[in-house]
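Working notes for the structure below.
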Amino acid sequence: MNFLLTWINWGLAIVVSLSTVQVTRTAPTLGGHKPTEGPRDSEAVMDGYRTLDGCGLHACRFFPHAPVVPFYKVFEQSVCKVRETMVDVYQEYPDDVEFIFKPSCVPLMRCSGCCNDETLECVPVETYNITMQIMSIRPHINQNIIDKSFQQHSRCECRLKRDVISKQEKKAKQGKGLKRKRKKIRCEKPRR
C-alpha cells in the first residue's frame, strides 16, 4: 500500500511540475470574432462559473470560452486545511431553540478538504475560542445583542478515521494466538 501511495505522490509531483508550463488552446469563435481576454485568476474564473444558472461548474452555452482550471490548482485547493466556513448558530448551540439568532450563521475558520487516502480524514489539531456578538430574539418578548463563544480551528491534519481505528483494535484482539490459547486452556482441564 505504501509503495502504491509513493508512486501516486511522485506522479502527482511530476504532473504539477509539468503543468506549470502554460499551454494555450484556440477554440473556434462565432462569426470570426476573437474572444475577449478572460480573467486570469482562478478565483475570478470560479466566480464566473458560480453566476451561471443551472450550469454549476459546466460552462455550457453562456460562457463558451471558459478556461480550464489546471489540475495543480484544483489539487491545491482541495487539500486538508483551515478555511472560512459558514456555520449555523443552532448547530453550535442546539439547546437554544426558543431564540431566533440574527445572523443565523457565522463565519468560522474550520478544517475541511480531502486527504489522499480513504482511511484518513481532515481533523483539527489546534483550536481556540472566539467570541462574537449576535442578536438573540425571543419572539414577542425581547431582543438583545449577546456574546456567543465559538470554536475555531488553527491547524489541521489528516488522521485515521475513528471507525478504521476501532476495526484495527478488534483485529488485534481477535488474533490466532488468543484462539490457540483458549483451546489450550480448555484442553488442560481434566475431564470427568
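Cβ coordinates come from backbone N, Cα and C, glycine included.
Residues or ranges marked as compositional bias 'Basic residues' in TrEMBL: 173-192. The annotation domain 'Platelet-derived growth factor (PDGF) family profile' is assigned in TrEMBL to 67-163. Annotated region 'Disordered' per TrEMBL: 167-192, in sequence order. Per TrEMBL, the feature signal peptide maps to 1-26.
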**OP:** Would you report the average pLDDT that the model assigns to the domain 'Platelet-derived growth factor (PDGF) family profile' (67-163)?
**Re:** 93
Subject >> the domain 'Platelet-derived growth factor (PDGF) family profile' (67-163), counted residue by residue under DSSP: helix, strand, coil >> reply: 13 helix, 59 strand, 25 coil
